[in-house]
C-alpha cells in the first residue's frame, strides 16, 4: 500500500504540471486546467472558469450599474469550476403537456438539456470563462484574436456557462470567452422620473466585462485590439446596442467586430416600450408603492428602489410572474436611458448619427425559420386554422401598432395568404403565420440593420457580411417529410458555430446531440468562417477553406461578397450546396420596412379623428386575441423624448470617402428609417426653428430701430456742432470755449461778461428766426462790425 502511495506522489506532480495552467494578470493569478476537445485530433485548450469581473450586485448594488471586481493579488484564484448562474426570472414551461401548447418540441428538448446548467443560481453571478488554445510560445507578434459570447434566447433566462468554447477555440485558433450577465428584472429594471430613465444594469455588466478583458487579455496571449462580440436572439440585440453605445469607446473601442445571429435592436421585442408601467406594477406587488395610484410616474423612485433592494430575490421573482407582458413584446428589457443607449436604435443606427455603429465590422446570420419556437407543437404538426391565424395577427397588430390597425391587419392577411392554394389548407396557413412572425420579428429588422450599416452615403472602412443558414438538422426535426417546413429552425446556428457536431457519439447530457456526417462538415465550415471573421473582419480571410473534408471542397470555390448596394445585397446561403444570392426575402422585407410604416405614419400625421377609428373590430373582446394583449392606452412607445445624441467622432477619423456611385446605389435610406427619424425630431425641430426665427426677426427689428435712432441723433449732433462753430467764429468765442454740446448755451459775449452796460445781443444759433436774421445782417455789413457796433437785440427784433 505504501508503494502505491509513493508511486502516486511520484507521478502526481507530472500529471498536474500538464493539467494545471497558471496565469498572472493585473487582477491577480488564476489557475485553470488543460482539457482535450472531442474529435478530430484538435490541440488541447486551457480553460479558466469562473473569473469574476464584477462585484456581487446585491443589497445597495442591486438594480444599479456594475462595479469592477476587486483584485485578488493576495492569493491565486481557482478557475477550474464554473460559477453560479444569474437569477432566472422568466423560465420557460417545463411540463411537456403545457409546453407543447406554446412552443415546439425542438425548443422544449433544448430547454430540458439546458436546465441542469441553471440549477445553481445566485445574484453573485458576474463571472466569465476563458478558453485559450495551447501554443508553444506566446509573444506580442502572435497574440490571438478574441471572441466574446453573449448568450441569448430571451432576456429573462439563460447562461454562458452552458456553452463550451473548447472546440471552437482549438479549431479556429482563437480565444473564446463566455460570461453571465444579470437577467430579467435584476438586469433590466427600467424606471423613469420626470425627465430621465435608468435601468440597463445588465448591459453595464457587459461593458464591465469588456473593460476588464481589455486589460487582462495580453496575459492570456490575447489581442485586446481584436475583440469580437457575438450573440444570438436577445444576446444579438444587446450586441447591436453596444455597437452604437458611446460607453464602449472610453479611449478606443472595447471591441472591433460584431456577429448578430437571429436578433437585432431594431426588432419590436428588443426595447421595453413602457418600462415605468412594469416598474410600478412590481412596486405594488412588493408593497413598495400604494395600489391606488393615479399615475404611472412617481417622484419617490429612489425610495421605491431601496424598498425593492430589501426584498429577497425569491420574492422579486415571484412578483415578476404576476406581471402580464404583451405577446411579441418584452417587459424587463433594455430602455433608452441616454447613457448606455443614447437614443432609439432607429436613430443610433441611421446614417446621420450612426458613426459609432458603422465603424464596427458586422457579420449577420439568419436562420430559415427564426420564429419556429413561437408556434405550438400541435400547430406545427397539423397546421393552423383561419380563426387562430386571425387571433394571432390581431394580437400582433394590437401590440405593435397604434394607428390604422384594421388596414394593417388586412394588409398582413393579404400578404401572407397563399393565393395559389384557394382551399386554405391548415398547413399552408401555418406556413404563412410562421413566415409573417419570422419576417416582422427577426428578418426585416436584421435586413434594416444591415442596410444601415452598409449604406453608401458616408462610406466607412468596416465590412458588412450576411449569411442565410439553410442547413437542416434532420435528426432534430419532428415534422413529416411533407410538412412543408424546410430549412433551419430557431437556434440551429449556435451548435454549428461551437462545434458540437464534432463530438464523438451522442449523450443526453450534452446541450446538443444527434448529428450526422453532413452536420459535421457544415460545423467545420461555420467555425472556419467565424474564426476568419474574428481574425480579419472578412469570413474568407486570412485562411482559405480547406479541401480536406467533404464540405470543404464545395465551399472552397464559393466567393463571399459583402452585403451592400453595389453587390445587390449579396449573401451566402449555407447548405450542402452553397450559393451566393441577392436581396434576401426582399418583397417581404419591403412590406414590413416600407409599406407598413408608411401606413402607420399616415395615421399620425393626418387630421385628428376619433380614437375608435384606430381600434380593431371587437377590440375589447379577449377571446378574439392570441396570448396577452397590450392594455388600451395612448402612451407613446417611449415614456419621454430621448436625450440628444452625443457628439459623433469627426467623419474623417471614422470614415473614408468613396468614389461616387449612381443615384440608385446611393438611395439606401429606407422609408422606415426616415419615418423613425422624422417622428423623433420633426415636431421638436420645427418648434425650435419657429421660436428661433421669431427671436431672430425681433432682434433684427430692434437693431434697425436702434440704428435709425442713433443715426438721427448723430446727424443732429453734427448739425448743432456746425452751427456753434459758425456762431463762435463770428462773435469771438474760441472753439475751445464752446466745443461741448453739454455746456450751457452762450447768451453773452465773453469779452463783456464783467460789464453792467447793455451788451451786444448774443443770438443763439438754435433760434430759427433770430439766428438767420443775425447771420444775414452780419453778411450785409461785410463782417466789419465791432462789438460796440453790433446790433442790439431790440434792433433785430424790430
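Backbone N, Cα and C define each Cβ position, glycine as well.
Keep in mind the model is a prediction, meaning the values are calculated, not measured.
Listed features, source Swiss-Prot:
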COMPBIAS  639-652  compositional bias 'Pro residues'
DISULFID  86-125  disulfide bond
DISULFID  288-307  disulfide bond
CARBOHYD  164  N-linked glycosylation site
CARBOHYD  292  N-linked glycosylation site
CARBOHYD  315  N-linked glycosylation site
SIGNAL    1-17  signal peptide
TOPO_DOM  18-685  topological domain 'Extracellular'
TOPO_DOM  707-798  topological domain 'Cytoplasmic'
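Projection of Swiss-Prot feature records onto the structure.
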residue : record                      : Cβ contacts under 8 Å, 6 or more apart
86      : disulfide bond              : 121, 122, 123, 125, 159, 180, 181, 182, 183, 186, 187
164     : N-linked glycosylation site : 131, 498, 511
288     : disulfide bond              : 304, 307, 308
292     : N-linked glycosylation site : none
315     : N-linked glycosylation site : 286
Among the disulfide-bonded residues 125, 307, point out the residue whose Cβ has the most other Cβ atoms within 10 Å, with all shown protein chains included in the count. 125
Model confidence for the topological domain 'Extracellular' (18-685), as mean pLDDT, reads 88
